[in-house]
Amino acid sequence: MTSEFFSAQLRAQISDDTTHPISYYKPEFYMPDDGGTAHLSVVAEDGSAVSATSTINLYFGSKVRSPVSGILLNNEMDDFSSTSITNEFGVPPSPANFIQPGKQPLSSMCPTIMVGQDGQVRMVVGAAGGTQITMATALAIIYNLWFGYDVKWAVEEPRLHNQLLPNVTTVERNIDQEVTAALETRHHHTQITSTFIAVVQAIVRMAGGWAAASDSRKGGEPAGY
C-alpha cells in the first residue's frame, strides 16, 4: 500500500475536472463502519513523539461493563467482515478481512508521525471518527504542510468526506460555498452532514518550539508545559 507503483495507479484514476461513477473505481469489496474511537498526539521534551489511536469499535463497545474494573469491553470482533453479509450496494465483503487465527481486523485508524529529511519530527497527527479518519487526517496534513495553515487552522478548517460506497461527498455545514459549488461542477453529489466529520488532534514543530491543536468539534483543548 505504501509503494510508489500502487500510489501511481491510484493517482492515474483521478480526474481534476470530474468525478466518475462507482464502477469506474472498480470497488471489489466493502468494509464495515467503525466508531467508538479516541486519538492522542504527544511530543516529549527530548523530541520523541507518539501518535496513538485506540478504539472499542462501536459506541460503548459491546455495551458490557466489567463489574470489577468498570472498564467497558470492546466488540472489536465486529470489525471483521462476515462471509454471509453483502452491503446495500451489492458489494461483497473483503476476504482480506475474514476472521482467521491470530489476525487483526482491518481498520480506518492511521496514527501518523511526519518526519523531515533531517530526521526531525515535523508533525504528529491522527483522528477519531470511523471511516472518516483517513480523509480527516490527510486533510489536516495537506492544510498544514502543503497550504501552510497553522495547526489550529488546519484542524478547524471545515472538512469533506467521500468513501465511494455510498458515492456521496459529505460536507460540513460551515464549508465555503465555493468548495461545494466546485464539487458539484465536477459532478459530485454533495450532502451536508448533520453533525461533523471526524475529530483530529495534531502537534506541529515551529521555529521556536511546538504548536498543538485539539479539535473543538468535540470540545478538546491541547495541554503542554
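Keep in mind that glycine also has a Cβ here, set from the backbone N, Cα and C atoms.
Feature list (source: Swiss-Prot):
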ACT_SITE  Thr37  active site, nucleophile
BINDING   Thr55, Glu76, Ser107, Ser108, Gly129, Gly130  L-glutamate binding site
Per DSSP, three-state class assigned to Thr37 (active site, nucleophile): strand
Checking the binding-site residues Glu76, Ser107, Gly129, which are within 10 Å of Thr37 (active site, nucleophile) at the Cα level? Gly129
Note down the number of other Cβ atoms within 10 Å of the Cβ of Thr37 (active site, nucleophile), including every protein chain shown. 23
Reduce the DSSP letter at Ser108 (L-glutamate binding site) to three states and note it down. coil
For Gly130 (L-glutamate binding site), the number of other Cβ atoms found within 10 Å of its own Cβ: 20
